[in-house]
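Worksheet: one structure, shown below.
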Amino acid sequence: MSTYKSTGRITAGLLILANVLIPVSILIFATGFFPYKPVLPGLAKFEDYQDDTWKQTAADSAGDSNEIEVKGPSGKFDMVVFMVVDALRSDFVFMEGMGFEYTHQLIRQGSAMPFTAHATSPTITMPRIKAITTGGIPSFLDVILNFDEADTSSSLASQDTWLAQMRAREGDGKLLLYGDDTWLKLFPGMFDRYDGTSSFFVSDFTEVDNNVTRHIAGELQNNDWNTMVLHYLGLDHIGHKTGPRSPHMLPKQREMDAIVREIYEAIETQEHLKNTLLVLCGDHGMNDAGNHGASSPGETSPALVFISPKFKSIAPPATEPSIPACKRCGVGGEGRLCPMRYREDFQYYDTVEQSDLVPTLAALLGVPVPKNNLGAFIGAFLPLWEWKEERTQILMRNALQIRGIVEAGFPGLGEGFEVRNGECDEDGERLGDVERLACHWHAWVAKGRVAGEGDEVYEEWVGDVSRWLLDAQTLMTSMASNYNMTRLYQGIGLVVVAIISSGTAFHISRRISEPQSSTIPFVLTTAAYGTMMFASSYVEEEHHFWYSASTLYVAYLGSKSIAATSPSSPRCKKYFECGKLAGALLAMRVLRGWNQTGQKWAGEPDLVKRFVLPYPAVLWALVFGTYATVWWNLTSNMAIMLKSKILACMWTIVVVPVAIVFKVSFTGEDAPELLGGEGTAVKKGLDLILNVGRGHDGKVGLGLVQKAQLTFVAVGFLAFFAMHGVLSEVVPRRRVWGLRAAMDLWDLVFLMQTRTGNLPLLVLARGLGTYLSSLGLGAGWAGATKGLGRLEWTLAMGIMMQYASFFAMGGSNAISSVDLSSAYNGVARYSIVSVGILTYLGNWAGSVWWSLRCVMGLLERRWVGEYVVETEWLREMEREVLDAEKKAKAQAEEEAEEQGEMEGECAEQKKSKPAVPRKAPPADLTADVEPLLFTTHAAQLTVFTACSLAAVMMACTVLRTHLFIWTVFSPKYLYSMVWCLGQHLVVNLGLGGGLWWVGSA
């Protein structure tokens, strides 16, 4: 016994060490992989972007042999309306059949200059706003900060932006903001008048935009402002909820087009707005599923349109081809034809970098280019300036500004920019990218000295400068992250130590608690998964690995169980086992095809979109069937625990209907099209549920938030009652039913946080769990004669099904697949803790379910002595125990009367509880060995978690210069952080360990 106890302490210590090192290694690696990018402080001034070379080149290109005093080029506009339509993909504006019909008219008549802006990953709002205001490359950590509305660390208050330049411009007006409150977080104190709206209430398609539009008419009458930012969220919300092909999409596009018309007509008719520029753009696009965050063509291709009557003077004919000398001329091969036909790559007209908006806007408004800009001026606007001198200034100042960024990024290169000899011509091909960039700088500067000799030479010079800007932009974009290699190696080293520590604990505890089980399937799965992390395509389509691995493993376990069937058993029993296996494999196939996920086929038709959502009657039949299943199981388990069916029904008949009312109400707000068409029987029936909580006058008595809060309170109260019953139960085996009731209550939370179309997956999960349990999983303790080992149980439920269910519910390794629809259930005011927990549950609900179900299996095996899931069998056992107690008591009383013992002794005997023979647990499950059962389970999970984390870290380090490092591997690392910190430490070890402690106390 002392050996077992000392072994338990050693394994526990090793496990604690490993699980402490995992978060520490994550933090250290992240600080080396995602460093905050240093920025140049202060605001830029025109005099910052000039030197002797610049003055001489400007004078030469202007045709004047004397040096001239350089001043900032004159701006063409005094005011700007910056209209951001969140997730405005390029085809929404430019393609035929879309709702921007008035914008099409402006493009055809030359009043609008259209572009497709390339948005680099991550394609989410905060980093994209940073890109279109600073012109720089945002940190990838903004992906995390984007979800924290209370965060202020990502503020741009001290950075140079075109907004700061407009505010600093002498004698000008105020800055206004109406729309997404992310701008207020990024620019505290910047706006004089504002009305922010939260970007995360994604179920709101209407009010969130009406709150913006209601300010426009009044502000267009005012003349005390120079910048008005409008950020509309409704179109993005529609995409998240119902996709780009939603019936809500076209009306929303027409609504946005009407706003463009209102503003443009005001510019044309109101004198104080005649020098106003309207910019219509998207911060990012969306994929075919309506989400964003990754790097698919739809996500990285937002529309960009500059609108003003002044552009008519420079608009090319509808058939004019692109100008070869200028890659940023803005005129596509199809000219100004609009609308356009569908393009699979979403590249309409000329494509520019999204950061190119910043220097272009600065020149049009007559302000200096922000210091940290990496964008290049869009050459299509050069003809707005008649004087060649001003055109030269615009390009030279942009080049000098980016040259300052290059010199800051590569200290010591400044001298190379100043002095270059003939080595550039002779050895240029052998130079590195940075040195070659310096050589090209001197080449076009030299050419600029003769650029004033003729238009042809000047146009060639413009093309050279544009190409240099593009090369510098490409170079600095690729250097956006200066990796701290020391920290990367430290993080990897610590997680390797965690692998060794947890592996040792796993080996020791397994040898004692389960020496007969094979580790080969677990080792093969871990090795295959780790190897897969080094291939970008496999990371993008990771769900295929888990679908295939889990299906093969279920088939293996089922075949193993069939092979273990006794030869003397009836043939029908083997046929029955084969039928159950076929049913389980069918369930796995349905699970696999329920939601289309990944990158290549995201948004493609799947089972739920093809056969469920279009048919409300089918959908709600499945939904109510799911709730009925939960109610039946909850009532049955509560009845056994409370020893009263009536009392159990009284509790559950309140909780389950409350949950149903919330779900129907949430669906009515979130996706009303799922309620069915008006007049249908489904719609009429659901309307009866929606009317619950309304007053006699038909007005809403309880809002969606209150209904969610009521559901959480009811479930929480009943869960507390169930857990209290578990802890106070003196018969250990009865705790199983109390814990099962708690699991049924978790099912209600699962249903609350899951999209309506995914609710039937709970029935599939229950069916698969029942089948795996019927195989005798978890029964393979040391000394057991039959049953599959607990290592197989943990691998099947604790690892494979956790990952498979995550992807089956629509998850992927792309930021775009994060589901925020349930992030505000019951939340009236933003809280990072509550919203974070609800967001996690909304995306990992299936994984949490399988994790807890896995621990429940271990507990049931521990108390019952033989793993059985069938409720009827457990009830039968309970009845046998009660009958045995009654018989023993009656027999004792009869013996006492026959022997004629004294009255006092007889009374004492009646008070005493007779011994009842019970089914004893296996001999090896002693009090000393039992603690190692959960230890082995936790160690196995920790080994897999540490190995998978190490593989991702190594892949990110080895492939840090890979083309897809920021679009594939970096998001995968973020997901690995969530799997390790959230799913492993909090759920598997925290909740799972708590469940084990309650059940084994």
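Quick reminder: no glycine exception, Cβ is built from N, Cα and C everywhere.
According to TrEMBL, the feature compositional bias 'Acidic residues' maps to 893-906. Taken from TrEMBL, the feature domain 'GPI ethanolamine phosphate transferase 2 C-terminal' applies to 480-1000. Residues annotated as region 'Disordered' in TrEMBL: 888-923. TrEMBL lists 12-36, 488-508, 520-539, 612-634, 646-666, 708-727, 761-781, 793-815, 827-852, 938-961, 973-998 with the feature transmembrane segment.
Taking residue pairs at least 6 apart in sequence, the transmembrane segment (488-508) and the transmembrane segment (938-961) share three or more C-beta contacts under 8 angstroms.
Residues 545, 549, 553, 556, 791-792, 795, 799-800, 813, 940, 943-944, 947-948, 950-952, 954-955, 958-959, 962, 964, 968-969, 972 of the same chain sit 6 or more residues outside the transmembrane segment (520-539) yet have a Cβ under 8 Å from a Cβ within it. Simply put, out of 12-36, 793-815, 973-998, 12-36 has the most Cβ pairs sitting under 8 Å from the transmembrane segment (488-508). A Cβ distance under 8 Å defines the sequence-distant neighbours of the transmembrane segment (793-815), meaning residues of its chain 6+ beyond its ends; these are 122-124, 143, 291-294, 521-522, 525, 539-540, 542-543, 546-547, 549-550, 553-554, 557, 591-592, 594-595, 597-599, 602, 754-755, 758, 761, 765, 768-769, 772, 777-778, 843-847, 849-851, 853-854, 857-858, 937, 940-941, 944, 968, 971-972, 974-975, 983, 988. Taking Cβ pairs closer than 8 Å, the transmembrane segment (973-998) reaches residues 19, 22-23, 26, 30, 33, 143-144, 723, 726-727, 735, 739, 798, 802, 813, 815, 840, 844, 847-848, 851-852, 854-856, 858-859, 934, 937-938, 941-942, 945, 948-949, 952-953, 956 in its own chain, all 6 or more past its ends.
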